[in-house]
Amino acid sequence: MRNSWVASRKGKTNVSQMHFARKGEITEEMRYVAKRENLPESLVMEEVARGRMVIPANINHMNLEPMAIGIASTCKVNANIGASPNASDISEELKKLDLAVKYGADTLMDLSTGGVNLDEVRTEIINASPIPIGTVPVYQALESVHGSISRLNEDDFLHIIEKHCQQGVDYQTIHAGLLIEHLPKVKGRITGIVSRGGGILAQWMLYHYKQNPLFTRFDDICEIFKRYDCTFSLGDSLRPGCLHDASDEAQLAELKTLGELTRRAWKHDVQVMVEGPGHVPMDQIEFNVRKQMEECSEAPFYVLGPLVTDISPGYDHISSAIGAAMAGWYGTAMLCYVTPKEHLGLPNPEDVREGLIAYKIAAHAADVARHRSGARDRDDELSKARKEFDWNKQFELSLDPERAKQYHDETLPEEIFKKAEFCSMCGPNHCPMNTKITDEDLDKLNDQIQSKGAAELTPVKLNKEN
């Protein structure tokens, strides 16, 4: 789809959506996004130029269907997949990709750390994906030196970052905000550093006693990104890994640096979103969202969860969806899903489905609460179908039609019950919605209340057979 769109851009020094927007040019990607989001094209251009919206769209990701992440667009959901040294293979990851797209993921991150050829699995995923693909390049940087921190140098990081851009990665998590002076602030935490990328860089800085190379070479990374229109997802290496550590000095010190880096990237006309926590008590979620907006000049916020309790292993998709819905309501632009396997193991395809549906619910709830135009239309349509006992339409309008039908059919599988005015919860005699109270009945009742008062009412026969 995008071949003709990007043909004239290749070879230029800056092909980012922000660069074109700041020149007053509306790209084909902006037009596509405007149509998908039901927004004026001019507004999309203005939001991208300002940095409040990103359109992750690497010029080498040809089958991409462009989408937007930002406060002016609907709340988005990211799904994570990826092979590890202990589990999975390419076919399994492609199966997860298909499920993620089927159940509505807006973006997808390949977090593979080993067990497969990392370049091969990434290329396969990008070629098969219509949604933006993100990566964490420090994983492969470490893998390229066989896990040896001592052998890992600054150029290794930049080499892998550019390789990912060349392959068509749309956004990369760059852990440039973690500074060597932040590391002592971790003392006193219960869980310390829980970011894999942050952990790698912390070890590198402690071994070499040098500043974070992703920070010192940040302008070089910007030069790479703008040639491919790769978007920064600035990683939060010091995100809290438990409620105790939330909103602490370490987290907020890094956030301040992330804000500075956001503005540095914008000077290069490179798109930026900023990652956030993590594990956060419910009463601190609004503070975290507002603080990010303040420090990062309203760059789109992209949060992992946050989980609102630490005691839900096996159910962390539920705990985190609660926090995600709140974060979305307060203005977070994209929610990174959590699966039931979080903290326990590598998710399988069914875990991907469970996590994604939980987060589609959270994102949709946030859109409804923020009164986005048309956000509640589907809810109202399903409610009308429910009132009319149109079971097939209810299934069709559900976020997970297969699950809705499965649960209905467990007790009433015969086709005749698809027209029944009850389900197995209430049965035919106790469902309040099949009580035939009509508008005419209510009008008659209201007339009597207005003329006589409630104490003097005479019986009104309902339009219902007894």
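Placed from the backbone N, Cα and C atoms, the Cβ positions cover glycine too.
Per Swiss-Prot, the candidate among TYR207, TYR209, TYR302 that belongs to the substrate site alongside ASN80, MET109, TYR139, HIS175, SER195, ARG196, GLY197, ASP236, SER237, LEU238, ARG239, GLU275 is TYR302. Residue density at ARG239 (substrate binding site): 26 other Cβ atoms are found within 10 A of its Cβ, drawing on all protein chains shown.
Summary of the [4Fe-4S] cluster site environment: with the site residues CYS423, CYS426, CYS431 set aside, the chain residues having Cβ atoms within 8 Å of the Cβ mean position are PHE422, SER424, MET425, GLY427, PRO428, HIS430, MET433, ASN434. For CYS431 ([4Fe-4S] cluster binding site), the number of other Cβ atoms no farther than 10 Å from its own Cβ, over all displayed protein chains, is 15. The binding-site residues examined here are HIS279, HIS343; by Cβ neighbour count within 10 Å, the least packed of them is HIS343.
Its Cβ placed at the centre, TYR302 (substrate binding site) has 28 other Cβ atoms within 10 Å. In this structure, the CA atom of HIS279 (Zn(2+) binding site) is 8 Å away from the CA atom of ARG239 (substrate binding site).
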